[in-house]
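Pulled from TrEMBL:
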- 1-13: compositional bias 'Low complexity' (COMPBIAS)
- CYS860-CYS877: disulfide bond (DISULFID)
- CYS879-CYS888: disulfide bond (DISULFID)
- 175-312: domain 'NIDO' (DOMAIN)
- 316-473: domain 'AMOP' (DOMAIN)
- 427-620: domain 'VWFD' (DOMAIN)
- 851-889: domain 'EGF-like' (DOMAIN)
- 1041-1080: domain 'EGF-like' (DOMAIN)
- 1-43: region 'Disordered' (REGION)
- 283-312: region 'Disordered' (REGION)
- 1082-1111: transmembrane segment (TRANSMEM)
Amino acid sequence: MVTTPSSNVPSSSLGPHSTHVTPGTPIKTTSSPRDPALKDSSTDMWEATAMSWKGTISSSNAITPADSPTIDTSMVTRHTTVSPPTATASTPAVSLYPFGAVEGDTECIQRTVDFNSPLLKPEIGFPLGKALRDTLYFTDNGQIIFPPTDSHVPSSPHPPSQGFSGHEALPTVAAFWDDADFSHGVGTTWYQVRVIGHLQAIQKYMQVPYSAKWTLKVTWEKAPPYPSQLDDTNTYQAVLSTDGSLSFALLLYQDGGMRWDYARLAAKDALIGFSSGDGYAQNSELTEEPPAVRYRPDQHRSSGTGTAPGETFNPLQVNYRLQCLTWLQEQPSPSTWSMELPPCPCSRPQAELDPRYRRSRSADRMGAGVRCVYRGMGFLEGWQERFWNGELEAFEWCCRHVGKPHFCTRYSEKRPRAGCEGYVPPTPANAFGDPHVTTLDGLTYTFNALGDFMLLLASDAHTSFVLQGRMARTSTAQATNFMAFIAQYTSNTTTTVGNAPLSELKDIISDLRLVWVPSVSSFADMDAEVYYSPSVLLVNTSSITAVFDGTISISVSANSGMLSAVCSLLEQYYNGTRGLLGVWNHNPADDFQMPNGTNIPVNSSEEDIFSYGMTCKSELGNQPVRTFNPIFLSQLRQENKTQYQLAASQCHGCRECIYDMLSTGDVALGLATQSLVEDYQKRKAALGKWGVGNWEEPSFRTEQVTRQYRATGPGVHFVPHVSPELNISEDGMLTWEPRGTAPLSITLQAVSPHLPPALLQLSFTLCSCRSIQQCDYSITTTIASSSLQVAKCDDGYWGSFCQHAPDPCAQGCFPGVGCDPQTGCDPCPPGLTGDGRHCAGDGLGCGTACRSHSCPEGFCSNGGRCRLHPPSCTPTCECPPAFTDRHCVVAGGDFQPLANLPQRSVLLWVRAMQSATAEEVNATVRSGGGRAVACGWVGRCSRTIDGLTFAVVSKFTYNSSSFVIQFLNEELTAAITTAFNGQRARREVGAPSGDAAPSPHAWTHPSAVSVPELQHYFSCTLYGYEGYQLDYVGTSGLTCISPCKKGYCQHGGHCQHLPEGPTCSCVPFSIFSPGGAHCEQLAVSLAAFISIMVGALALLCLLLSTACLAAQLCRRHRDLRG
């Protein structure tokens, strides 16, 4: 790694840039000849020299000598050392790239002690270490971090004091990593992303061609140290760039702009370098220097002995994201080429019988079309495609290898999905045997003649089509058969007659021999010869098929020395045909229409039908032989009724078979005609059948889903599917109750004895967050190329499957300060003040508003952390999750119990292809372990006698998470198998021969530990509070729950969870006064009782007074009468 200071840089590597002067900041100015190879910094070119890494593995030349290559169990390391020019004393200074709002940068600032930038997502990914990184962000503390998931974005203010080891939890590029504090209005940060550009300095330094596909420039301007100080600030930049395979980081420091007073800092561990997190790291040589040098990278003089990798580890073999995006950028809008593409046939028989569609594995024909995929007999899915060749490769890039659903969505924008909605099968007509004709409306008759005849003349507003057939005598019989066909297709712009002009027409198809002109292109596909030219496609298999502009087709085959033809038309020619194949209008009554427009009845005699056929003579070619008189079926029946009955029996009543058998005396020919009739009827039936329906793909977003599917058609039902998680009934009711994140692929299939099946590939999106409101369905991860996608959680939980709970220790604590996973950082060391994460000594700055205040002793209980909030410096408590009051005394909240839990062990026998160390094998198994590594993997490796075989014992620790319990008990075996199968597949596709080949030859594991058994390992007395109950919740796992949440107090009593356990405060209501430990006893209040009695007596007195008054009035009334 070579870091680039702003001064003393070799002039042969860097040219001067225009100086950006920050007001109030002194800038050293120098002059030097401008390098003509470098553009001015005001252009869109960014240039510099820096550390680099290439391909799937980051640069590690700082830890592995170039002459001693390291052999990993999965790849071989190669190094090329390049020495930069030696610096001289007169080296000019180089200022930062211009930055700020006028340069198009975005300001990122929060006036807090720590903050992060928004997440940045290079679509092509960022190669670092052994993987493409999806997301990155920068912090106020000089870091650029590549988080494993979007929900885990910590910002540790303190770098490791010994530098990077390569095994950090978060891959990080450290431009200048130390604790900064922007909370008091000093300093800011700027960033800008560019999608494409050139970094010529990289090409000069590395001597490799390079064109950036994604570049990020970050500037920390006047960054103050913690605690905030007004005068001592740092200004520096980092530029990250990648072309999808090579990746570079350019680190620039403003000359004279790195001014932190390191003597006043509580910790002095500033770090420059990077770590891939999976075994590779590089630290600046300044890491070993004293603070006076380490904190002044702008003044550092390059020794000229540093190394930079010209070629590091094996390059990323294929960046499928880049391949996909490049392809997408090259594609025009589908509206420019897909306007008239047909839908897919609804069943495989339709696709095989519709001559417009080719059953193909590969081809080299240009032209847009639809690709239709079938499983069994049912239609599965389809796409519109611009070309016949090269499309499947792009689909594999975008929809299979990337593993990001939005890439496949973008592919679908360029190659829209094609369904079978609106598919109309072509209508066929037939000419076969001793000529028998079936019209487009389904009328069958026999016509024997000699010469050339018009089988079909079809036309619409823009095209016309002519099909003629030549009849010759069948041996010595008084019957004929087709011996040649010719076709002419004409459009507004092109004329196609087979493959030759009409005036030069000869027999294009004769006895299955094909004649074509040299300009016709050809290729072989699935044992078929394919010839194509503009507007016509010829396919030569057991029959010859010609397709004209995708609207009309004719298939010709030979059988028993005779030719037969099937002609198929699309509905655009409806009501636009005439000839021997009839008038197509779904009305057979007018199929015998003569050129003058008159018709003969469909029940006319054979002689009248013969006379009709003679009127359909060809305008060109051989004229009909009018002296030839064929024999008719009625004559054959009268001549020998016994032979007729025998033939009828052999032909099962097929009139065409009977005629051919009796007219030629050839039983085999008659039976061949019968077979042609049956095949044609089956063809029509198959083309006319429709699927049972199609559905939109569902998206399951809850933990239990039921959905009803319906299909129409006689006898239709769904194929049942039964599994622990998903069930499909015969009536189409789907029930899904996810229990884990194992790969899931289900095809919904509806079948019928009378219809071809219909299929739908289902898609599932799983929300495994703690609540549905925390799921982000716009960001999903596909599980092992299956139909299951897992949505991102926005609840602080992180990991590929949101399996890791929020960890306050992930943010990092001050050096030497411990951290509790429940409460966070411990107090600052003696003599320093702060919250344990940020610490400072007395007199280390004047920016802390509450420095003269302190929290009252004992203000927070049970491990609660006291915080002072300016400007009033009011103390508040940050309580552990169990406590609900402001002083962390009253419990009642849920919390995850801690325990020393058992492990599941797996014994793997791994064989390396080259000599390797146990540590290297362990690292490779860990990198290939997939989801299993996410669940507490610990490996122990030992070498066997042959030096190439290793025994790796992998242990997986249980915890309280339902995800981990479910995974270890039910999915561990499948996950290990899937991980190593995937690794083996990657080796088989273009892996270098020197790679090692870790693969499990045998493995064993003990039995799973059930939830009831695990409960014995847990205790809910973490905080010393009695009465907590251990429950298993399917969405979170084993949880300590207070009885206060489970109705501990009755009759509205108020529950408080105190150290001795839950207690109830009973609240009187109505006339009742609850009592008892749970407020379960009800008593009548004495005061209420007396009040009721007084009220009753008063009411009684009132009633008596009323009665007396009424009696007195009655007596007075009687006295007056008397």
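Including glycine, each Cβ sits where the backbone N, Cα and C put it.
Curation plays no part in TrEMBL annotations; they are all automatic predictions.
A sphere of 10 angstroms centred on the C-beta of CYS879 (disulfide bond) encloses 23 other C-beta atoms. For the pair CYS877 (disulfide bond) and CYS888 (disulfide bond), the Cα-Cα distance reads 7 Å. The Cβ of CYS888 (disulfide bond) has CYS860, SER861, ASN862, GLY863, GLY864, CYS877, CYS879, PRO880 as same-chain neighbours under 8 Å, each 6 or more residues away in sequence. In terms of DSSP secondary structure, the domain 'EGF-like' (1041-1080) contains 4 helix, 16 strand, 20 coil.
The Cβ of CYS860 (disulfide bond) has 22 other Cβ atoms within 10 Å, all protein chains considered. Helix, strand and coil content of the domain 'EGF-like' (851-889), in residues and according to DSSP, is 0 helix, 11 strand, 28 coil.
All protein chains included, CYS877 (disulfide bond) registers 21 other Cβ atoms within 10 Å of its own Cβ. Predicted-model confidence for the domain 'NIDO' (175-312) is 82, expressed as mean pLDDT.
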